[in-house]
Amino acid sequence: MALLRCTTRLALRTPRRQLAAVPQTVSDDEFNKIKDELTSFMHDRIYPNEQLFLKQSHESRWTNGKEWTHPPLIVDLMQEAKQRGLWNLFLPADSAQLAPKGTHLGRGLTNLQYADLCELMGTSVHFEFAATACNCASPDTGNMETIARFGNEQQKEKWLSPLLDGSIRSCFAMTEPDVASSDATNISIDIRDDGDDFVVNGRKWWCTGAGSLHCKVMILMGKTDPDAKAFAQQSMLLVDLANTDGIELVRPLTVFGDDDAPKGHFELSFTDVRIPKSNVLWQRGKGFEIAQRRLGPGRIHHCMRCIGQMERALATMAQRAMKRVAFGKPLAARDSVLEDVARIRCEIDGCRHLVREAASLMDRKGNTDLETRQRLSLVKALVPHTLQSIADRAMQLHGGAGVSGDTPLTHIWATGRGLRLADGPDAVHWRKAGQLEFERQRASPLAPYGSYAPSRDAPSFRSTTDPLSEEAASFLVEFEALMKSS
């Protein structure tokens with residue numbers, strides 16, 4: 001919550017390069033070719049292999065079950081996605097300009113263009129199956145943009161280049177188990193100065209991606225300057241996981257019983273972990289500013305994929321309703337089902353419009369603009385909640401099959417429910433969106449016309465002591481006499 005409260009101040013202090021608009025370097029015709037290629041990839045390689053991906057994911061635990069690696073299917077699809085020009089599609093042109101030359105820099109799409117492609121990738125049952133194949137999955141996308149924008153040249157060369165070519169993975173460590181992390185000022189992992197190093201002790205959890213053997217770098221957020229002002233206490237550090245002692249993977253955290261192998265969401269323990277001070281991203285005390293920049297694209301990418309998940313849930317629901325007969329007629333002929341399907345279509349299209357508007361604002365005004373920040377909060381609060389609701393109604397129509405593993409709906413429902421907490425809970429985003437709305441309303445051209453007040457100069461209607469007209473007096477006498485006699 002505090003992280004969101006600080007955005008107005010941060011907007012004034014963020015470097016100019018963070019505020020630049022994203023140029024459209026890809027023509028509409030070229031974009032349509034990319035979209036057609038991705039559509040073909042989804043139909044040829046993703047949809048037919050959804051069950052195989054799930055099976056191989058559960059088989060990806062090597063030896064004693066504690067070593068997780070890429071399923072063979074993903075390795076093949078990653079290579080194919082590169083060859084088909086579907087690699088790093090998430091990377092906007094302005095971020096690509098900051099990356100080392102000669103690496104895989106995507107196609108230079110705008111956020112608005114990527115919204116359509118990200119939605120398409122989200123139509124796969126498994127939320128980030130297609131995104132992983134195209135190197136467009138979290139937390140790597142957010143980490144790559146963060147290093148591109150805030151890393152120095154040495155950090156980019158060491159970590160950004162291999163992340164962009166897909167040879168390594170990454171994780172992000174911010175949330176902590178012992179504090180309410182929705183208020184980011186609570187983040188309190190102990191980070192102390194010791195010569196040229198920081199020494200870290202404490203715990204983190206919900207570190208997505210930490211379980212993979214391919215995870216080689218972590219971005220760690222913690223309090224390096226506890227005596228500074230509230231929003232200048234935190235820093236972000238790059239952690240070389242292959243060459244750093246004292247980090248223990250305590251356990252994989254399950255989401256409704258699923259450990260999400262081979263990526264996972266882990267609780268981590270840090271015991272006297274030494275991190276060189278040269279691994280600080282940007283500067284000490286800039287952790288909040290980096291986090292705000294990082295989390296904006298991550299939130300909207302999730303919401304873009306959610307639109308695809310909504311479409312998959314509705315398609316599943318519609319097929320069931322058209323084929324299933326109860327009490328003499330198809331479910332699709334019943335008024336309640338017709339209304340449900342119509343409402344769901346409105347909800348999907350409304351969410352899509354809001355997501356596309358937010359993406360367009362990111363392109364035109366940057367992430368720190370007031371209107372952009374409000375739209376990002378609105379989409380994060382609304383879209384996962386709507387996805388969960390749509391999946392729930394689709395499950396209800398399926399009866400017992402809806403809560404089984406025979407349909408994609410339980411997975412889609414769990415995705416929506418989990419995303420209502422990831423990157424900040426609903427309440428935080430609704431609160432921030434409301435605060436920003438009041439900021440907008442103060443400058444609204446309609447503000448002077450919001451209400452009417454009676455004019456002091458207007459003549460009064462009448463006084464209770466004014467003499468009555470003859471007509472009114474006569475009417476009252478007749479009325480009172482009539483009522484007494486009846």
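Note that the numbers count up from 1, one per residue, in the order the chain is shown.
Note that Cβ sites are derived from N, Cα and C of the backbone, with glycine treated the same way.
Here's what TrEMBL has on this protein:
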DOMAIN    72-166  domain 'Acyl-CoA dehydrogenase/oxidase N-terminal'
DOMAIN    171-272  domain 'Acyl-CoA oxidase/dehydrogenase middle'
DOMAIN    285-431  domain 'Acyl-CoA dehydrogenase/oxidase C-terminal'
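Summarised as a single figure, the pLDDT of the domain 'Acyl-CoA dehydrogenase/oxidase C-terminal' (285-431) averages 95. Helix, strand and coil residue tallies for the domain 'Acyl-CoA dehydrogenase/oxidase C-terminal' (285-431), in that order: 122 helix, 4 strand, 21 coil [DSSP]. Here the domain 'Acyl-CoA dehydrogenase/oxidase N-terminal' (72-166) has, by DSSP, the following mix of helix, strand and coil residues: 56 helix, 0 strand, 39 coil. Secondary structure of the domain 'Acyl-CoA oxidase/dehydrogenase middle' (171-272), assigned with DSSP and counted as helix (H, G, I), strand (E, B) and coil, comes to 9 helix, 53 strand, 40 coil.
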